Ligand SMILES: [Zn+2]
């Protein structure tokens, strides 16, 4: 399974200018293009804004761009990634290639999160964890992003988002029928177990972040 629920796709014409240093102006476009999920770990941004705060990551890091004389500007849209704070912070100090046109050497470095190759290196397990297919995937997961140290949280956020999406789908189906119809009642019955699961995941997440 893919690490991200929906594969992110960056627009080619961002609605704000790619000139200047104020890259924050791209956040609404990025949120949409990354489907409100972290480009790296796939965490959904709709839970607990204070603890799972979402940021803009520079794929080729900001410090490297500023200190290397690179031609890639800070607001260059194709270099921006919608990222949870944990992935952004963990990635920050890593850029092994020390070049702006080389992302990895096959065993260390990064795959750009909108590149279909991302899923060749990392995958989602059936219980919502993240594992790797390749040495490069292992490097990203364990050395850079430290998914292994955040596995419990990663699983909770993934399953929470899965139940959220499932509830949304059922409700969209439900509203097509009058409340007193047998179809309505049948669909409504499907909601009970999934809502219960969603509720308990939310409680688990809340206690996880309060620890
Ligand atoms: Zn993340």
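Each residue's number is its place along the chain shown, starting with 1.
Cβ atoms are placed via backbone N, Cα and C, with glycine included.
In TrEMBL this protein carries:
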type     : residues : note
COMPBIAS : 16-25    : compositional bias 'Basic and acidic residues'
DOMAIN   : 38-93    : domain 'HNH'
REGION   : 1-25     : region 'Disordered'
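Sequence-remote contacts of a segment are chain residues at least 6 beyond its ends whose Cβ falls under 8 Å from one of its Cβ atoms, and for the compositional bias 'Basic and acidic residues' (16-25) they are 56, 58, 73-77, 80. In the region 'Disordered' (1-25), the DSSP tally of helix, strand and coil residues is 3 helix, 0 strand, 22 coil.
On the 0 to 100 pLDDT scale, the model's mean across the domain 'HNH' (38-93) is 90.
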